[in-house]
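Following: one structure in structure tokens, then a few remarks.
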Amino acid sequence: MEFSVKSGSPEKQRSACIVVGVFEPRRLSPIAEQLDKISDGYISALLRRGELEGKPGQTLLLHHVPNVLSERILLIGCGKERELDERQYKQVIQKTINTLNDTGSMEAVCFLTELHVKGRNNYWKVRQAVETAKETLYSFDQLKTNKSEPRRPLRKMVFNVPTRRELTSGERAIQHGLAIAAGIKAAKDLGNMPPNICNAAYLASQARQLADSYSKKVITRVIGEQQMRELGMNAYLAVGHGSQNESLMSVIEYKGNPSEDARPIVLVGKGLTFDSGGISIKPSEGMDEMKYDMCGAAAVYGVMRMVAELQLPINVIGVLAGCENMPGGRAYRPGDVLTTMSGQTVEVLNTDAEGRLVLCDVLTYVERFEPEAVIDVATLTGACVIALGHHITGLMSNHNPLAHELLGASEQAGDRAWRLPLGDEYQEQLESNFADMANIGGRPGGAITAGCFLSRFTRKYNWAHLDIAGTAWRSGKAKGATGRPVALLSQFLLNRAGFNGEE
């Protein structure tokens, strides 16, 4: 699907369809008023007859409106004008895309980007429209024999901006939106892939392909179990002992800033391609969804793709910590004591608290890069789902400015996060009689104690932890990976690169 931006009046548009908004109760948006005027009140007469109230989600497709050059006009209900916020704006765009796709409108000029969304500029509205359109049209059908496609799918969308001065920011918004959407799609595709296909070796192959596609700025190194043993990554290795699939850590390095002094931002993704729970095995109900336990690694991969596509002038390293947690004769056990790469020892009380064991060694490994900041992304705890539900990602950090940056980026991108504390009081829950720490701290504050565990391996740099257990995928009829928090991290890196969307 193609996107472009232009500046023009609605009466001059020769298009298959023009898209304009209508507010409650039966109030035309400024652009719709212009079309109504040139059509001698045709549109307002329809509204007076009760054809459209303007409630969110309502649509009315008009054909051959008098004096209008376009073949059709699509009226979209936007709700009450003063209540149009970011969430409702994206829902309006989603409804628009679905309606155009279902009605065979192969191209359209969209004036919805001229609607007023409080605190948001045209760059934001165009970029969010692109990202929402791509999200709406996403489907995972690679493994289906019969693929359903619309007879006349939407192929081209033109966004209208009020003045020619805003064309440049509109074009940049499309460029950024497409790159972020492609990163989200890549993350969703990886997340949705079944575990008999997507194992640690598959993650490594995707990382290598990324380096091949962007070879001027990206290199990938894959570290196998033999090298992990030499490095002393015993906690990481222990988690994968029960699986016949080798644990592999893929390190993707992007160099956009040639300066010797430019320190990288490191992203670490938990990549448990299937988590049975190990010896502390999970209940069978819903266990199929444990293929999504690698969505942290999938998100990091998607972000690295975005960075390479936009050639951001910063250095970023993405680590995909690939592994599989299975029961078996070689599997690690409750009661085992593991010596981590940092030298600290961990008593295993539950083999289903495995993600932190993988991550702790990776967080030690990345010290060698002397990072500007390290952000790990993990479907880490069910406790975070209880705390924040399925709408907001949990954030913990040992550095207030980094936490504030990430929270700001989450609001900008509409991919929200909420900060949880990392107090010393919670560290006490990790005490062990037999090792430096236990790998679980009991039920109270489970998401926080998991973050506290990781914080013990991050004392040499600024670090943040994103717990995406509640936001990485959906269950039920709409089951599938969400691609979060690709948008949040993309915005964070765009801000670091000087593209904050404030033009």
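Cβ atoms here come from the backbone N, Cα and C positions, even for glycine.
Here Swiss-Prot flags Lys270, Asp275, Asp293, Glu354 as Mn(2+) 2 binding site. There are 26 other CB atoms within 10 A of the CB of Asp275 (Mn(2+) 2 binding site), with all protein chains counted.
Swiss-Prot lists Asp275, Asp352, Glu354 with the feature Mn(2+) 1 binding site, giving sequence analysis as the kind of evidence. According to DSSP, Asp352 (Mn(2+) 1 binding site) sits in a coil region rather than a helix or strand.
The active site annotation in Swiss-Prot covers Lys282 (among others). Taking Cβ-Cβ distances under 8 Å and a sequence separation of 6 or more, the neighbours of Lys282 (active site) in its chain are Asp275, Ser276, Met290, Asp352.
Sequence-distant contacts of Arg356 (active site), defined as residues of its own chain at least six apart whose C-beta falls under 8 angstroms from its C-beta, comprise Leu380, Asn439, Ala450, Phe453, Leu454. Sequence annotations record features per position, and here Swiss-Prot assigns active site to Arg356 (among others).
Taking the centroid of the Cβ atoms of Lys270, Asp275, Asp293, Glu354 as the Mn(2+) 2 site, the other same-chain residues with Cβ within 8 Å of it are Val239, Leu272, Met290, Met294, Cys323, Asn325, Gly355, Val358, Ala378, Thr379. Each of the binding-site residues Asp293, Asp352, Glu354 was scored by other CB atoms within 10 A of its CB, and the lowest score goes to Asp352. Following the DSSP three-state reduction, the secondary structure of Asp293 (Mn(2+) 2 binding site) is helix. In the three-state DSSP reading, Lys270 (Mn(2+) 2 binding site) counts as strand. Within 8 A of the CB centroid of the Mn(2+) 1 site residues Asp275, Asp352, Glu354, the other residues of that chain are Val239, Leu272, Ser276, Gly277, Gly278, Ser280, Lys282, Asp293, Asn325, Thr351, Ala353, Gly355.
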